[in-house]
Amino acid sequence: MERAMEQLNRLTRSLRRARTVELPDDNETAVYTLMPMVMADQHRSVSELLSNSKFDVNYAFGRVKRSLLHIAANCGSVECLVLLLKKGANPNYQDISGCTPLHLAARNGQKKCMSKLLEYSADVNICNNEGLTAIHWLAVNGRTELLHDLVQHVSNVDVEDAMGQTALHVACQNGHKTTVQCLLDSGADINRPNVSGATPLYFACSHGQRDTAQILLMRGAKYLPDKNGITPLDLCVQGGYGETCEVLIQYHPRLFQTIIQMTQNEDLRENMLRQVLEHLSQQSESQYLKILTSLAEVATTNGHKLLSLSSNYEAQMKSLLRIVRIFCHVFRIGPSSPSNGNDMGYNGNKTPRSQVFKVRKVYDVVRKIDVKEMNFTKHAFINQTSHEQEPLELLWHSLDEWLVLIATELMKNKRDSANITSILLKQKGPDHQDATPTPSFAAAGTESRKELSTDTGDSKTYEVAGKQEAYADCQDVISMTANRLSAVIQAFYMCCSCQMPQGMTSPRFIEFVCKHDDVLKCFVNRNPKIIFDHFHFLLECPELMSRFMHIIKAQPFKDRCEWFYEHLHSGQPDSDMVHRPVNENDILLVHRDSIFRSSCEVVSKANCAKLKQGIAVRFHGEEGMGQGVVREWFDILSSEIVNPDYALFTQSADGTTFQPNSNSSVNPDHLNYFRFAGQILGLALNHRQLVNIYFTRSFYKHILGIPVNYQDVASIDPEYAKNLQWILDNDISDLGLELTFSVETDVFGAMEEVPLKPGGASILVTQENKAEYVQLVTELRMTRAIQPQINAFLQGFHMFIPPSLIQLFDEYELELLLSGMPEIDVNDWLKNTEYTSGYERGDQVIQWFWDVVEELTQEERVLLLQFVTGSSRVPHGGFAHIMGGSGLQNFTIAAVPYTANLLPTSSTCINMLKLPEYPSKEILKDRLLVALHCGSYGYTMA
């Protein structure tokens, strides 16, 4: 009966308290009953359960083997913690990681729990398995108030963890100012190194903790490297921590020059150096000028080393350009930058920055250059005793002297080569003059010198030998100096450009290029890759482009494509992320049933800069995303742009290309749509997406800014083009045509007379002015009639593709960039080819020709097709459907008598290749490739 009553009472208490009132007998089960109560600090319930139980309060459970005292300390359950301590819980019991309850209380900032644990003799010096004590945990988390209480019980405030780090190390690394001050006040060793030799200052700088670094330096911390020689400044620069660098320089001024010298270290990231110097330059005008002056001096030193032929070209070139890039960056962000309207000329003196580079020194430099027994020596005297000289001006002066010297030698040897030729011809005698080619002095070498020097003893022979040797030496010097000088020229261009507002070219640099035009062209002709390595200004400056465009366009198409995309993306925030995924808010959401209009609307509202970096499209109601969807979007828009319903483009006479519609104004939104069409093609080119659309040659010329000519008229009116050709080919003086400089044009059914020039209706076309008439009427048909459409298209296109970059290509190459390389079926080509003027299918030359075509690359086959037909495409249906000037016209090969060095030519209006009767397959292939790559339309000799 008594037992039953006791069970009933336990049941009643349990139901009232909604918990058990008696712990299980085994510790494992009991501890999981108590743990949630301890976590909630339900000390009365815990006390009641423990009072009638044999539970071991030090029982360790779980994966990390912690006791309930660990749980209470970790959660801040101070009442339960005290209860457990009174019940005999061990305050120094360590879990599997070596942590005591005091460690956990310190880590989580449980102040009351820490106090009670200390009352019950918790050992503050116990380390966990990683060597961390309670004060380490307080320092990591910046719990200064608790640290004040704890350090009174600590015997060694510099106790180290497994890596030799003290509490001061970790407090400095995490930027806890008051904690650092507390530890220092408590006697922490301010210069104590860890196992790798890193001091607290080193730790502060490693994470850019400016304030803790300043406290340490104020308290006398030493500037010490670690065991690997890495200094606190190294860490600051590596992380781009400008503010911390500023503090280091404040206490150690010598470090300023160390930072400047770091600009030569290619192992340091350039953008981090820029960040540091940018911050330092913003502190004061004097600091800004000091940085620029120092950078200019280092750049000058590196530039002169680069001009020294004994230095390592690759290393010195990279160092110079790196320093100059950093210099220009700092220069631009100054308080009186060009964008703010201030004159930044090197030679000016209106702004403080005109004094940036000036240093008061007396220079007396004598430079002597003697290369491979050269017959000339350069003495450059720079005497400055009465005025200040800008450091960089010394480098530019040396550059100028080098270029003048080379120009002089080139001119001298050019005269000598003419004299040598004359002497050689006289020695050979009149019977040999016709058979003796002019010597190629670019290839003059040792053998030619030996031949000349071992002649009969004629004094003229030795004269020739000496001059040839001098010429060869000059060529050696150019070979050794061209790249070095080109790198310095690039540096000069960068410095000139940083003084100018965006988009403007420095007049000083233009003058420099004009002055040294011959030498620069010599460099480019000898090594065309210089254009892409150092002579970027040729493409970035419209004023200079025309002078070198023929050289630029002579470079391989592949090289120009690589340069194009490299510079197209170079101005973006992160050129490595051009094709990165875009933000959800930047996705172009379009409707399939109105894809043209909806795409036009969303693209016009989108951020152009973001579209350049990445593009994503989603069709309304569909989940698909990714490059496949983008590809489909461009494909569909390619067809929609030339959809007759929009009246934007009309099909040309060849049936495969399109031309802007001069009557597109029937669509009220036609100019908006033309701008959108330009945006789509610009976007496609930017992201290397091909479009399935082809335009007339004249339209590609409009995109490139190339003037059209009368031959372009054939794409829209072949018969009229033939008439223009006839006028040019024949004397019209006595024909009585009575043409004037005006034409009649059908404007929506009404005939209007349009003057080709002011007063054109009263100016007769004559034999003398007929060429002008043909050009003006061509411009009317091909340009003036569609000028608004062209302008709108280019406005959209240039949002994504700068005009200066696209001019790298001709109209044929632009088509390849936009629409890709067409596939050419050689068998179909052969089957639909005709032969004339003496050739037949079985002739040896014809067999060689087709063997060569089989050996050509796909790109070269396209060039051949363009060369003969004027088009890179095969029409739908194959070669049987190729159009000529008067309709269908098969590819035709005509025989031409062979003479030495004769190139193939073509007549594109009748798709005819005029192929000389070459004596061998090798000569045929060589001459054909020369013609294709040199574009010998109308040429007859190599």
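Heads up, the Cβ atoms here are built off N, Cα and C, so glycines get one too.
Some features that Swiss-Prot has for this protein:
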ACT_SITE  CYS909  active site, glycyl thioester intermediate
COMPBIAS  447-459  compositional bias 'Basic and acidic residues'
DOMAIN    607-942  domain 'HECT'
REGION    428-459  region 'Disordered'
REPEAT    23-55  repeat 'ANK 1'
REPEAT    64-93  repeat 'ANK 2'
REPEAT    97-126  repeat 'ANK 3'
REPEAT    130-159  repeat 'ANK 4'
REPEAT    163-192  repeat 'ANK 5'
REPEAT    196-226  repeat 'ANK 6'
REPEAT    228-253  repeat 'ANK 7'
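Within the chain carrying the repeat 'ANK 7' (228-253), a Cβ under 8 angstroms from the stretch's Cβ atoms is held by residues 196-197, 201-202, 204-210, 213-214, 217, 259, 262, 268-269, 271-273, 275-280, 283, all 6 or more beyond its ends. If one looks beyond the repeat 'ANK 1' (23-55) by at least 6 residues along the same chain, the residues whose Cβ comes under 8 Å of a Cβ in the stretch are 17, 61, 68, 71-72, 75-80, 82-84, 87.
Counting only same-chain residues 6+ beyond the ends of the repeat 'ANK 5' (163-192), those with a CB under 8 A from a CB of the stretch are 131, 133, 135-136, 138-144, 147-148, 151, 154, 157, 198-201, 203-204, 206-207, 209, 211-213, 215-216, 219-222, 224. Within its own chain, the repeat 'ANK 6' (196-226) has Cβ neighbours under 8 Å at 163-166, 168-177, 180-181, 184, 190, 232-236, 239-241, 243-244, 246-248, 250-252, 255, counting only residues six or more beyond its boundaries.
The helix, strand and coil residue counts that DSSP assigns across the repeat 'ANK 3' (97-126) are 16 helix, 0 strand, 14 coil.
Mean pLDDT, taken over the repeat 'ANK 1' (23-55), works out to 89 on the 0 to 100 scale. Mapped onto DSSP classes, the repeat 'ANK 6' (196-226) shows 16 helix, 0 strand, 15 coil. Residue counts for the repeat 'ANK 2' (64-93) by DSSP state, with H, G and I taken as helix and E and B as strand, are 17 helix, 1 strand, 12 coil.
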